[in-house]
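Below is one structure, written out as structure tokens, with a few remarks after it.
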Amino acid sequence: MLGQVGHAALALMSLLLLLWHEAAPIEVPQDLKILQDLKQPPTIIKQSVKDYIVDPRDNIIIECEAKGNPVPTFSWRRNGKFFNIGKDPRVTMRKRSGTLEIGFRSGGRPEDYEGEYQCFASNDFGGALSNKILLRVSKAPLWPKEVLEPVSVTEGSPLVLPCNPPPGLPPPFTFWMDSGMSPIPQDKRVSMGLNGDLYFSNVLARDAHTDYSCNARFLFTHTIQQKNPFTLKVQTSRKVAESTPTFLSPSGTESSKMVLRDEQLLLECIAAGLPTPTIKWFKKGGDLPGRKVKFENYNKTLKIINVSEEDAGEYVCMANNHLGSIRHSIFVQIKAAPYWLDKPSDLVLAPDENGRLVCRANGNPKPNIQWLINGHPIEGYPPNPNRQVLGDTIIFRSVQIGSSAVYQCNASNQHGYLLANAFVSVLDMPPRMLGPKNQLIKVIENNRTFLDCPFFGSPLPDLRWFKNGQGSGLDGGQYRAYINGTLEIKRARAEDEGTYTCVANSILGTAENQVRLEVKEPTRIVRLPEHQSAVRGSTTRFDCKVKSDPSLTVTVAWMKDDKPLYLGWRLRKDEESLTIPNVNEGDEGTYTCTVKSEIDQDSASARLTVLDRPDAPMDLDLSDPAARSVRLTWIPGNDHRSPITEFLVQFEEDRWEPGRWQKLSSYPGDLNSVILQLAPFVNYQFRVIAINSVGQSPPSGPSPRYKTSGAAPDAIPRGLRGSGSKKDNMEITWEPLLDLERNGPNLHYSIWWRRKDSGEEWSNVTTVGSKHVVHNTETYVPYEIKIQARNEFGSGPESNVVIGYSGEDKPSDAPTDLRVSKVDSTKVNIHWKSVNPNTVRGEFKEYRLYYWRESSQVPGLIVNKEKKTKGFYSTMAEPSGILSDLVPYSKYKMFMVVANNHFESSPSNTVEFNTKEGVPDAPRAVRMHSKSLDTISLEWEKPLEPNGILIGYQLKYQRVNGSRLGRPHLETFLPNVTEFTLRLPDRSTRYKFFLSAMTQVGAGEVYAEETPHFTNEVAPGIWDLTVVPNSDYANVSWSHNFPAGSSEFVLEFTLDSDKTVKVVSVKQQPPITVADLIAGATYHLRVYSHELNSISSNSVTFKTKPAYIDHVDIATQGWFIGLMCAIALIILILLIVCFIKRSRGGKYPGGGCVTGFAKYLVRDKKDLPLDPVDQKDPDGSFDYQSQ
């Protein structure tokens, strides 16, 4: 019956747990204002370790610190009883702390204070406990006095030298030394065990020593204690018997080992035997944990760190040598002191809320869980309907104000214990805002944005958001409200700007705060820096153009290789770029432009690669020698980031042009070993130049010299030809072989010649020059010629036969019957009879016509009678041709000769003819100007070449309106009329004029001009032309009213003697200087506009001065003036000195000073004795006695 009731009660309890709603514990923010007002039970924040070993030479400090509100008070228990600190003068407690300090300045033994201590921290809301701290004093006992007998052992036998260090706290660290304080050498045969003993698997004769000493080092006291040394005697024999392995440690075939979880496992097997056995380890039923296992002490020790339950099992060590093996099994058990699975944590609840404390721990064996309240077992408290203990869990229901306390959970087993404090605090607090008031938040458009509104209250308030004080709470759609008070705006837009209000509400009251949101345009780099390759010494530029919100302040910073860039004096930065002048290797790297505003940033990077000419190739080496080749190998230099595209191989030889480097050949940039094709009989040395896109490297160092052997010539002399320099010889010439084509010493040439088609034998000669003259030849006879080069090693190939000719002579016959027909104004047909080809006496070149303009048929016109030539090549019996480009209405003369390469024949008959009348050239010096506001005047001069009798002038003019021309008007003038005035219908009317001269043949070349745009209705003009001539130059000045820089001026100089014209164009404003004039010559000068040729000055006549030599006036020369000033200054100084001497009573009476100076001038450069008044004393000083 009772069992049924119990089962029913458990079922009901389970149902209640399922229906029971637990509130989430309140997280108290770390806000100073809240923490100051928040009442909380104590919490231990610092304490000494559980196993606390202290140095007896120091004061003892047992730490215990706690926090809480109000500030906790502290008390201690020692060995389970209240420790009355006030009664012990050596014990003090620090202020606002529970830490104990035990001092021994006035006496006392630290050992008297060994024991178990526990700290209590308490205030009005509960009490917290520290761990039980076991205090022990470090001990370093002396080694017991003992007399150690010498140890005698047979060679090959095992041996154990015991250490047995004195028990210390903590245990000492042991090691073996000899009397010289040197460590005993350890190896596979001799080693120290975990217990400190020294093990010999087999003893050798060299192990016999008298000073095997075990040492113990105590950590706390920093002292080393030494055991009396062992003396080891080894009994040797001729033959040492080998033995199978046996275990020195551990003994037997199996043993066991227990270790706690998370500690380290050390297993040891030390074996005896001869030869020394090898140790191996295994684990039955599995593999050794490879990541945690380590083998030490020459494989004799197996070490596993941080052991866990899966490391338990049977471990086997095996010792073996060639005589056999032996095994030992070690059964490892893993136990565990308690460790946390779920450590209880502080619990803050509001009134009427539910909660729980959980304390879960594990261990081996499973730990026992005990609950305490404020340091006392929970069983000692009366039952509380709001609190229920269910094993490792305490459940709280409908907690009330005043039920705050500190709960302790103690989990323990035989291997240790865990103690945890967790307070339960019942808190009521009206809503409070924790963030800054009226915060301004600036965000970037289209970014996710969070508006924070930290708050607190107990019970936890509800929080809602409002925008601009209107509408219902913001949640959903564009907005998302989080339980911690944060409002998320998923994508901020311009319309999201405004004032947001967060309101926290609970049964205890209401609190609110406001956040002002501003949405800004993003800061972006719109023109990014680009990767660049720059040649060293050049200038490069990285762009970084920024676009940002106008209301934000933006800063631009540059980084190089992720470090701030130092600009210095060389680098220049502006708002949109970084300029690097005179780039060098140190500038290479990655440049990053970072643009920052107060709320966002952007960055972009680009790499600068600095290019340079390659370094010189190195380590030139010659190999694979042959008669006409050798292999050249080199190591390329640094290409400075611009790949080498070509290698240039140069050579220097010391026979013909020593010291001069010449190109041999070039090779692709991916080769560094090439076969060089060489010429014979040359003593070479080589060098290599690397070439990349930047330029050429410096040359490499020269290679060793390489001399090729001689050979017969390979080349045929070039340019073989024969021609006569006289009528009875033929010069045979050719180009000598190049130095590198000689192939050997004693180079000479063999030449053969014979008359063509004569059947004669070859004539030949050998010479070292490059010419041979054949004498006594007939005039202009063809010869066959060939040549061959030879040296000491043999003959080269013969050349092909070429045809040469002997010398030419003056043609014996002249062309005859020269005549003309079809005479026109500019051309005429000519006819003549040819000569016999044999009379040319050389290579026929042409029939050469000489012609000149004898005179013009225009009265008074002076012409140039310079002879001109025109050649006609024809082999007809009665050839003809056309002579063109003649001047109309002129009288011409001409004759003809026949010509070969060197001579002309006698002239033919001379022929005279007159060209017909033609049309004239354009009128000259056309000028256009305005004499009044309503007229335009045109003036001109006669054509330079009238080409006939002028009968008048023809002027056509049309009104101009933009690009359209009006109705044409035609005016004709007599030859003596050279001006025309046109009345304008209004001041803005413009005309275009077409002027030409006329002969009986018709109108000649037309001169076209358009009236200009006149500034302020005043026509531009040029006047006041003045000339100041010198011998070979003249200074020219004039006035004009052209706008500055609107026109280029032309100065036209006409030489009076031969009417030649010199034109000088100038852009600068007058006056100007014109050079290169003829001294003593008469010139006519006019100045006109280059753009408006009709706008010209009147003509001015002047004559340059005759040539003369400038005579220098010495009185005006600077050096002469300086010399005269220096002399005057010296005279003045001497006069001042004389007057000073006289005033002091010197030997100069009266005007003796001036007289003496005059005498000095007279004596200059003469060997005259000094006057008595000038004599010095014997010591070389002057006598300045007073009179």
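Going from the start of the chain as shown, residues are counted 1 onward.
Backbone N, Cα and C atoms are what each Cβ position is placed from, and that goes for glycine too.
TrEMBL lists 1168-1179 with the feature compositional bias 'Basic and acidic residues'.
When the domain 'Ig-like' (42-135) is classified with DSSP, helix, strand and coil residues number 7 helix, 50 strand, 37 coil. As annotated by TrEMBL, domain 'Ig-like' applies to 42-135 (among others).
The domain 'Ig-like' annotation in TrEMBL covers 144-231 (among others). As a summary of secondary structure, the domain 'Ig-like' (144-231) carries 3 helix, 32 strand, 53 coil according to DSSP.
Per TrEMBL, the feature domain 'Ig-like' maps to 245-333 (among others). Summarised as a single figure, the pLDDT of the domain 'Ig-like' (245-333) averages 92.
The feature domain 'Ig-like' is assigned by TrEMBL to 338-425 (among others).
Residues annotated as domain 'Ig-like' in TrEMBL: 436-518 (among others).
Here TrEMBL flags 522-609 (among others) as domain 'Ig-like'.
In terms of DSSP helix, strand and coil, the domain 'Fibronectin type-III' (616-711) has 0 helix, 45 strand, 51 coil. Annotation comment: TrEMBL describes 616-711 (among others) as domain 'Fibronectin type-III'.
What TrEMBL lists as domain 'Fibronectin type-III' is 716-809 (among others). Sorting each residue of the domain 'Fibronectin type-III' (716-809) by its DSSP state yields 3 helix, 50 strand, 41 coil.
Taken residue by residue, the domain 'Fibronectin type-III' (814-918) breaks down under DSSP into 4 helix, 47 strand, 54 coil. Here TrEMBL flags 814-918 (among others) as domain 'Fibronectin type-III'.
Annotation source TrEMBL lists domain 'Fibronectin type-III' at 922-1021 (among others).
Taken from TrEMBL, the feature region 'Disordered' applies to 697-726 (among others). Sequence-remote contacts of a segment are chain residues at least 6 beyond its ends whose Cβ falls under 8 Å from one of its Cβ atoms, and for the region 'Disordered' (697-726) they are 613-618, 620-622, 625, 627-628, 630, 632, 634, 637, 650, 652, 654, 661, 678-691, 732-738, 741-745, 747, 749, 753, 770, 773-774, 777, 780, 783, 785-799, 802-808.
According to TrEMBL, the region 'Disordered' annotation covers 1168-1187 (among others).
Positions annotated as transmembrane segment by TrEMBL: 1119-1140.
For the domain 'Ig-like' (144-231), the most Cβ-contacting stretch among 42-135, 245-333, 338-425, 814-918 is 245-333 (pairs under 8 Å).
Here the domain 'Ig-like' (436-518) is broken down by DSSP into helix, strand and coil counts: 3 helix, 46 strand, 34 coil.
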